[in-house]
Amino acid sequence: MLKSNKVVLIGAGGVGSSFAYALTIDNSLVHELVIIDVNEDKAKGEVMDLNHGQMFLKKNINVLFGTYKDCVNADIVVITAGLNQKPGETRLDLVGKNSKIFKDIITNVVSSGFDGIFVIASNPVDIMTYVTMKYSKFPIHKVIGTGTILDTSRLRYFLSDRFNVNTQNIHSYVMGEHGDSSFVTWDETKIAMKPLSEYLSEGKITELELDEIHKKVVNAAYEVIKLKGATYYAIGLGIKNIVNAIIGDQNIILPISSYINGQYGGLIKDIYIGAPAIVCKEGVKEVLNFKISPKELEKFNNSANQLKSYIDKIEF
């Protein structure tokens, strides 16, 4: 149950600051945003900068610098803290470093008395979401990761550009790891209400083009990192979307890091991985278990096994 429409952000780096900015300019629900960072001056500077723009907002939001004690009455704690992916690194390369950072963060948040919902955006996000669940001992529906929400947004952008159709009218998901082993649910994809299979049969797109689009989705982060050093605007918007879904009790379907324990064929168990789920004020209302093709199911299992191999190395 929501208490105060209060959000605490832990991590004032590029992703956290982009989320905070997105939340302030498109805010109709959150009353208070508290920013915490190990670099206190950075957090204080972000708070000042955001507050100095209050005159230009349709609805003001109380932005404050804080400490872990401020988590006690928060509805949501968003975590973007941790080491960033560097050029040439995969997200999975960050497991050991960020899992240690998370142990300290989660311990401090839980010690405050926080009993709301965690939203995790730090990479590798599926594993960090699992780590959060284990360290916090929170119910699985109250621990959410950004999952493949950004991958899905990238996919819909590329399809929108290819077909000249608004992204809102493209229904397709990226599932699996937020990373190199992800896959697209092509068999379930619809563009402007029309199944993708019809576009293929009509010769309006080819399987080869679809493969190239997926490669662009997978490589997008590497390209952005190479060009500007980090990705943060798009994922900041994605986090804002998840937070609004919770605060606004939207019951919206989002491709988040969902807890899978036997869905999708029964082979994937005890893992957080990108899959569509219904998000509401309680967190995850339901992880969807829709039918995917045998080929897609094999990719899903492979992606889960890859994540599992890294999780098994973490000492809880």
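Glycine is no exception: its Cβ is also placed from the backbone N, Cα and C atoms.
The NAD(+) binding site feature in Swiss-Prot is assigned to VAL15, ASP37, LYS42, TYR68, GLY82, LEU83, ALA121, SER122, ASN123, THR146; the stated evidence is sequence analysis. Sequence annotations record features per position, and here Swiss-Prot assigns substrate binding site to GLN85, ARG91, ASN123, PRO124, VAL125, ASP126, ASP151, THR152, SER153, ARG154, THR231. The beta-D-fructose 1,6-bisphosphate binding site annotation in Swiss-Prot covers ARG156, HIS171, and the record cites sequence analysis as its basis. The annotation active site, proton acceptor is assigned in Swiss-Prot to HIS178 on the grounds of sequence analysis. Among the features that Swiss-Prot reports, phosphotyrosine is placed at TYR222.
Spanning the listed NAD(+) site, residues VAL15, ASP37, LYS42, TYR68, GLY82, LEU83, ALA121, SER122, ASN123, THR146 have a farthest Cα to Cα distance of 24 Å. Applying an 8 A CB threshold to same-chain residues 6+ apart, the list for ALA121 (NAD(+) binding site) reads VAL15, PHE19, VAL78, ILE79, THR80, GLY145, THR146, ILE235, GLY238, ILE239. The Cα of ASP151 (substrate binding site) lies closest to that of HIS178, out of the recorded positions LYS42, GLY82, HIS178, TYR222. Distance from the CA of THR231 (substrate binding site) to the CA of TYR222 (phosphotyrosine) is 9 Å. Close to VAL125 (substrate binding site), meaning Cα to Cα within 10 A, are the following recorded positions out of LYS42, GLY82, ARG156, HIS171, HIS178: HIS178. Look at ARG156 (beta-D-fructose 1,6-bisphosphate binding site): DSSP puts it in a helix.
There are 16 other Cβ atoms within 10 Å of the Cβ belonging to LYS42 (NAD(+) binding site). Long-range Cβ contacts of ARG156 (beta-D-fructose 1,6-bisphosphate binding site) within its own chain (separation 6+, distance under 8 Å): THR167, ILE170, SER172.
Around HIS171 (beta-D-fructose 1,6-bisphosphate binding site), the same-chain residues six or more apart in sequence whose CB sits under 8 Å from its CB are GLU188, THR189, LYS190, ILE191, listed in sequence order.
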